[in-house]
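What Swiss-Prot records for this protein:
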- 1-21: region 'Disordered' (REGION)
- 2-186: region 'DNA relaxase' (REGION)
- Tyr25: active site, O-(5'-phospho-DNA)-tyrosine intermediate (ACT_SITE)
- Arg70: site 'Involved in DNA binding' (SITE)
- His112, His120, His122: divalent metal cation binding site (BINDING)
- 251-261: compositional bias 'Basic and acidic residues' (COMPBIAS)
- 251-337: region 'Disordered' (REGION)
- 272-290: compositional bias 'Basic and acidic residues' (COMPBIAS)
- 315-709: region 'DNA primase' (REGION)
- 324-336: compositional bias 'Basic and acidic residues' (COMPBIAS)
- 689-709: region 'Disordered' (REGION)
- 698-709: compositional bias 'Basic and acidic residues' (COMPBIAS)
Amino acid sequence: MAIYHLTAKTGSRSGGQSARAKADYIQREGKYARDMDEVLHAESGHMPEFVERPADYWDAADLYERANGRLFKEVEFALPVELTLDQQKALASEFAQHLTGAERLPYTLAIHAGGGENPHCHLMISERINDGIERPAAQWFKRYNGKTPEKGGAQKTEALKPKAWLEQTREAWADHANRALERAGHDARIDHRTLEAQGIERLPGVHLGPNVVEMEGRGIRTDRADVALNIDTANAQIIDLQEYREAIDHERNRQSEEIQRHQRVSGADRTAGPEHGDTGRRSPAGHEPDPAGQRGAGGGVAESPAPDRGGMGGAGQRVAGGSRRGEQRRAERPERVAGVALEAMANRDAGFHDAYGGAADRIVALARPDATDNRGRLDLAALGGPMKNDRTLQAIGRQLKAMGCERFDIGVRDATTGQMMNREWSAAEVLQNTPWLKRMNAQGNDVYIRPAEQERHGLVLVDDLSEFDLDDMKAEGREPALVVETSPKNYQAWVKVADAAGGELRGQIARTLASEYDADPASADSRHYGRLAGFTNRKDKHTTRAGYQPWVLLRESKGKTATAGPALVQQAGQQIEQAQRQQEKARRLASLELPERQLSRHRRTALDEYRSEMAGLVKRFGDDLSKCDFIAAQKLASRGRSAEEIGKAMAEASPALAERKPGHEADYIERTVSKVMGLPSVQLARAELARAPAPRQRGMDRGGPDFSM
């Protein structure tokens, strides 16, 4: 969304600055040319006659400007991300003309991409007024001669000096940007005023800047980004608290109206009751209604104790000499209505605190005076404590504890390329680097976890489960050590089968469980990543129309070994031994060296078969296209198709492959085919197919064994 950011700096020779170096930097020229792709647009204006290219002017400023003179004024401002590049160019040029056009001050501007999420503009302005008089470079920067301007240097503007100039510039930028957003049809707006002046109850944000964005993009954690993320989190919770407060006020008003309505209908607001003939008008005794709306009926009025926060506590007032039935009605009906309402509100209170436990404390802590230094800047050290109750940290901590490993592989999948960035961390390092992981997730990347490669463990991942599958697993002694909800009603389970089990055993158990519970077979191996709780699922198919992604939630974290764990390990060992015997048999059969052409004698192409298989599988499994790919490839491989044939068929016929696996389609195909070709059942089927005579092979081709799940 559009954000407001504008800063102004002065570059002077006395301060050690160089105008040429600054111009080279913002235009990515000279020694900065290696990063020239960062510059989306550059332009200059109001340059004097001696200038052939903008660098000449800023070179001359370094050479000829007086020792105590100011070389340039730099204005840096964030461009609205909602605008296209052409719209951003037009906006930056328009604003530059606003600041320089009246006196024709020479300027150079450059728009930087800022990693795609932080587009911004650097504007360098010279204080020398271009009055149209032609002067050489050496004369241009001399002292101005008011009597004979052509003999002196260019006059300096006074407009950039007053302190009011910065406030005027900040306001002008907000006006220009908002007009551009309005012209482009966007509802977003920016405001140059302080949050207090706007009447907004939230913490001021921190501008990251291009260097921080670049470092974070390369996987380098920065304190400034951590602070910005903490503030964003706190502000989101402030908004939640404000909405909750408004909801409570609304509920109280509604319940108050409900109570009054009950009183009017039942007559409980009448002190004498209906048998005394009270019609709601002035009583015969002439008593006026009391402030609480109760009426006297003769005799004195005794105040009952004030109600506590938990309920009404009574009928409000007791009237001496009133009807016993009326008094009983007053004592019961309004109290019952109010009691139910307030009990419901109390339950909502409890639910809110469960969801936002510690949020208010953190917000107050973030806003406290000692969170800033004596210059009003945020103190990084002071912000560590307030986030100790962060719910993402809590979820991560519980997941790490339930997994029970010493070291973990953390994977961050790049949203654009699909490549995985890996980090091997201890549990403490994972928690320490949570702010950086949040930043990566906020930029559209998914966050994953698995035990480190050298870690001795007995965890097996079962992916793509339903609630019914989880219930069946628990009933059959395969209860998970932890359960993660990756998207609404879709779960991953880590099953602990032993304190330590080899990778081959874990892989076999994963395939067994995936087959028994109709889970994702493509994820059934010993090294597959699972989701890390506390972050959002950034896959496009889970994004709502409003642009929201579901949170990855930790549903269970018992960390216990499954009851059937030892039996699963034993069964897997037997299956591995059987597979090894089958592979040995397949090798002996392969030694017969039947012609390869006998394996591939098919009347239909691999592409035809793949499309035919996918048509039935998609009807069966719906949107789970990865499972369809895996089973289709398994069937083709069992019929003798080569890995190359299967890969080509998958590349051409797999539905929406580019949208599902953007940037890593080839890697996905290679991994899927490799897993399929390594299955013992596939190897045995291929060996038997190779041994069979040609007619037998064609018969199997038409019918073929069914390896579907």
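Heads up, the Cβ atoms here are built off N, Cα and C, so glycines get one too.
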Integer Å value for the Cα distance linking His112 (divalent metal cation binding site) with Tyr25 (active site, O-(5'-phospho-DNA)-tyrosine intermediate) is 11
Model confidence for the region 'DNA primase' (315-709), as mean pLDDT, reads 77
Taking DSSP H, G, I as helix and E, B as strand, the compositional bias 'Basic and acidic residues' (251-261) contains 11 helix, 0 strand, 0 coil
Filtered by Cβ under 8 Å and at least 6 apart in sequence, the residues in the chain of His122 (divalent metal cation binding site) near it are Ile26, Glu74, Val75, Glu76, Leu109, Ala110, His112
CB neighbours within 10 A of His120 (divalent metal cation binding site), counting all protein chains shown, number 21
Tyr25 (active site, O-(5'-phospho-DNA)-tyrosine intermediate) to His120 (divalent metal cation binding site), Cα to Cα, whole Å, comes out at 14
Going by C-beta under 8 A and a gap of 6 or more residues, the same-chain neighbours of Arg70 (site 'Involved in DNA binding') are Thr10, Gly11, Ser12, Glu127
Here the 10 Å Cβ neighbour count for Tyr25 (active site, O-(5'-phospho-DNA)-tyrosine intermediate) comes out at 16
Tyr25 (active site, O-(5'-phospho-DNA)-tyrosine intermediate) falls, by DSSP collapsed to helix, strand or coil, into helix
Around the Cβ of His112 (divalent metal cation binding site), other Cβ atoms found within 10 Å total 22
DSSP, reduced to three states, assigns His122 (divalent metal cation binding site) to strand
